[in-house]
Amino acid sequence: MVKKLTGKSFALSALVAASFVAAGAMASDKTEPRNDVYKDKFSKQYNSWHATAESEAITDALEQDPALVILWAGYGFAKDYNAPRGHMYALTDVRNTLRTGAPTSAEDGPMPMACWSCKSPDVPRLIEEQGESGYFTGKWAKGGAEVANTIGCSDCHEKGTPKLRLSRPFASRAMEAIGTPFDKASKQDKESMVCAQCHVEYYFEKTDDRKGFVKFPWDGGTTVENMEVYYDAIQFADWTHAVSKTPMLKAQHPGYETWKLGTHGQNNVSCVDCHMPKVTNEQGKKFTDHKVGNPFDRFEETCGTCHSQDKEHMLTVYKDNKSKVMELKSKAEAQLVAAHFEAGAAWKAGATEDEMKPILTNIRHAQWRWDYAIASHGVSAHAPAEALRVLGTAVDKAANARVQLAQLLATKGVKQPIELPDISTKAKAQAALGMDMDKMNADKAKFKQEMLPKWEADAKAREATYK
């Protein structure tokens, strides 16, 4: 049956339809999300950016270090955590990870829209079209058909030009909060600020008026202590630990913050200087290499422009620093894993919230500091001394928590030491937490088979209307 439209309802329907056509008729005035649009005009940069696809190998960080499963018990990272890959894989990896779940509709799934925020130039497009409230409202799956282009040109550049920009309003606010507004920064500083839109610590706000918004916790500064004080003051927790019941903080990837504290940051050596150097192609044309990667892979164009030592010497220095960081990282993890299980035993023995509060605070602070150091993937090069300092405080605070727990458990008549489960592999650690990995993997496979093709088809149809 066809319902007859009145003149008023017909006009309204036409207006709504026209608004959708107009919205899809072109990319945003400020943001062109399609990277391919620039492959001819900026071919050298485009081709080198596309070469980030050469990092196709997937490294399972949980398999390499099963203790991580316990440290993140009750949080998405205990399900799945792989080492980062090149920019070409940003969308692929966030779609494929178990952390984003297996939504069956736009209103389904465990994660919010904010999880797209560092993955695509479609994000600034959506914010420009919908406003931040419109963009951040809803589940991650809501953006499935909208966020279709991986990290690329418009994330860092003004539309159609090489001019740098901050494309995310939350990044602009963060820079202003620490007294370094982007529009007043030098070109050298801007080359790091554009990276700091994503390679930073951030969290998703939980207040009613800004629920799910991305914010950098920099109001009091950018050190690990500054951010710890900030989070404690607003009583923020990313999740409650499944074993110890600690209100936990999950560090993201504070590369910018740790870089600022190291030799390179202190001497104003930018991210671009080391990770996107000027190179000369076969035609003798000089350009900025957009294959963001390890400086040692292009030593002469990166390290060699400042350091007089040869590559072998510099690699030895780096490996020595990394070895020290990894050794202290392992010590912190061992203390924290034990502390979580001992806290769990204390709760089972009848410990009260008042008895546990100072213990859980030590665990919270210890793991935050450990995570801050290790989640900044390049910290062994950027700021090894700061990494060792922070990890040292993590070990101390975790050890303090264990001393407190030993005393408390003794008063409860609990036999010590507390027996720990076998967590020698990722699978055993996940089983110890009662995680049904078979179901999670099956659900994800179904999502990839049924939802992803629809997202891609819808995105293709939408972009076909762009001018």
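Each Cβ is built from the backbone N, Cα and C atoms, and glycine gets one as well.
If you look up Swiss-Prot, you'll see His87, Cys195, Cys198, His199 marked as heme c 3 binding site, on the strength of sequence analysis. Per Swiss-Prot, heme binding site is recorded for Cys115, Cys118, Lys119. Per Swiss-Prot, the feature heme c 2 binding site maps to Cys153, Cys156, His157, His290. Marked as Ca(2+) binding site by Swiss-Prot on the basis of sequence analysis: Glu201, Tyr202, Lys250, Gln252. What Swiss-Prot lists as substrate binding site is Tyr202, His253. Among the features that Swiss-Prot reports, heme c 5 binding site is placed at His264, Cys303, Cys306, His307. Per Swiss-Prot, heme c 4 binding site is recorded for Cys271, Cys274, His275, His382. Residues or ranges marked as signal peptide in Swiss-Prot: 1-27.
Features as recorded by Swiss-Prot, highlighted on the structure.
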| residue | record | DSSP (3 states) |
| --- | --- | --- |
| Cys118 | heme binding site | coil |
| Cys156 | heme c 2 binding site | helix |
| Cys198 | heme c 3 binding site | coil |
| His264 | heme c 5 binding site | helix |
| Cys303 | heme c 5 binding site | helix |
| His382 | heme c 4 binding site | helix |
- Item | Cα within 10 Å of His264 (heme c 5 binding site) - qualifying binding-site residues among Cys118, Gln252, Cys271, His275, His290 | Cys271
- For Cys274 (heme c 4 binding site), which DSSP three-state class applies? helix
- Taking the center of the Cβ atoms of Cys271, Cys274, His275, His382 at the recorded heme c 4 site, which other residues in this chain have a Cβ no more than 8 Å from that point? Ser192, Cys195, Gly255, Trp259, His264, Val269, Ser270, Val272, Asp273, Pro295, Gly378, Ala381
- Item | Where the record names His264, Cys303, Cys306, His307 as binding heme c 5, the maximum Cα to Cα distance in Å | 12
- Message: Between the Cα atoms of Cys153 (heme c 2 binding site) and His87 (heme c 3 binding site), what distance do you get, rounded to the nearest Å?
- Response: 11
- Note on the structure: Spatial neighbours of Cys156 (heme c 2 binding site) among the binding-site residues Cys118, Cys195, Lys250, Gln252, Cys271, using Cα within 10 Å, are Cys195
- binding-site residues: Cys153, Cys303, Cys306 - member with fewest neighbouring CB atoms within 10 Å: Cys306
- Near His253 (substrate binding site), which of the binding-site residues His199, Glu201, Tyr202, His307 can be found within 10 Å, Cα to Cα? His199, Glu201, Tyr202
- Message: An 8 Å radius from the center of the Cys115, Cys118, Lys119 Cβ atoms defines the neighbourhood of the heme site; name the other residues of that chain inside it, in order.
- Response: Ala90, Val94, Ala114, Trp116, Ser117, Ser120, Val123, Cys198
